[in-house]
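In TrEMBL this protein carries:
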ACT_SITE  H319  active site, tele-AMP-histidine intermediate
BINDING   Q104, F293, L294, Q295, D296, Q297  ATP binding site
DOMAIN    13-337  domain 'RNA 3'-terminal phosphate cyclase'
DOMAIN    184-284  domain 'RNA 3'-terminal phosphate cyclase insert'
Amino acid sequence: MDSGAVEIDGSVMEGGGQILRVSAALSCITGSSVKITKIRAGRSTPGLRPQHLNGLQLVSDLCSGSLQGASIGSTDISLTPGKIQSGNYTADTQTAGSVCLLLQVALPCALYADAASQLCLKGGTNAEMAPQIDYTVKVFKPIVEKFGVHFDCDIRMRGFYPKGGGEVMVTVNPVKELKPVTMTDRGNITKIYGRAYVAGVLPFKLAKDMSAAAVRTIRKEIKELYINIQPQQEKDKACGNGNGIIIIAESSTGCIFAGSALGKKGVYADKVGIEAAEMLLKNIRHNGCVDEFLQDQVIIFMALANGTSRIRTGAVTLHTQTAIHIAEQLTQAKFTITKCEDELSRNVTYIIECQGSGAVNPHL
């Protein structure tokens, strides 16, 4: 590897774990060493937390890399990648750290291996400050499939805060290269459905209350659609106690949006349902083609794809701007963001366009 590692400032823009995930994945795929400094410098607990450390170790294992400075609380690390190897990998946060964030860092790397890989990811499946596993499977997965990404996800055990203990098995198939994606026409919302769940000792009534409150909230704004939010009791496949809800909307052109919320001690179930419903409605109102949570997660795939991708979004989030900043530092991808005036709605939308770097899998 070249001695000139790319230096990444971990405190810029969003300044969180996302900088680590995008940098480490792109380092692994492009073969360029990275040195990340000032990791999470502005956070109340700066430096690496257990889930960040697990994610970095997972990527380093995937690419037979050499990782320096990787310990809890460390604010500087360097990664020198080797060859990406398929195989069976396990990452365990041993906390309620999100398995979905582990998948975010490992999935892009595994796409560039020589054969399918199995990732056993342990921690929180439905955790705060991260996508719920239901979001990853129902929203993220079908959209990244448009780029040519294929993975299967088996939820073996759900894990909640504070214990974690969840486990998912993910099988990732390699690709020769990713295809560009155009999503600029939202179409009409045709379907709204979801699940409200309780696990452990929590009463089933909570699930019914979350579901009913969410349906009432959406009904005020969307009257013509049947809304199907199933209350469910997670019996044997859950570790610990937890409750939450995810509501998904699909459009006539294949766009998918979600709103979700997790129950907390002392928060009424109705309030949890209303929070998820309002989040969904907010993401439907802007008339873009992805919700605010998918927006930053597709950036790495746009950057790697061979060709020009165009995706219409609502307001561009700081997470997205951060992902673009890192992707442009570590690949040849070029992004532009253009504001669209939409005569049909009062809302401003943006087109994120990317000339992808056309990363090719050398092993296939």
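Cβ from N, Cα, C; glycine included.
Mean pLDDT, taken over the domain 'RNA 3'-terminal phosphate cyclase' (13-337), works out to 96 on the 0 to 100 scale. Taking only the Cα positions, the spacing between D296 (ATP binding site) and H319 (active site, tele-AMP-histidine intermediate) is 6 angstrom.
Between the alpha carbons (Cα) of Q297 (ATP binding site) and the residue listed as 'active site, tele-AMP-histidine intermediate' lies a span of roughly 9 Å.
Considering only the recorded positions Q104, L294, Q295, D296, H319, the Cβ with the fewest other Cβ atoms within 10 Å is that of H319.
You'll find the Cα of H319 (active site, tele-AMP-histidine intermediate) roughly 9 Å from the Cα of F293 (ATP binding site). Long-range C-beta contacts of F293 (ATP binding site), restricted to its own chain and to partners at least six residues apart, with a cutoff below 8 Å, comprise P131, Y135, V139, A258. A Cβ within 8 Å of the Cβ centre of Q104, F293, L294, Q295, D296, Q297, the residues given for ATP, is found for these other residues of the same chain: P131, F140, V290, E292, V298, I299, H319, T320.
Packing around Q297 (ATP binding site) is summarised by its Cβ count: 24 other Cβ atoms lie within 10 angstroms of its Cβ, all protein chains included. In this structure the residues listed as binding ATP are Q104, F293, L294, Q295, D296, Q297; their two most distant Cα atoms lie 13 Å apart.
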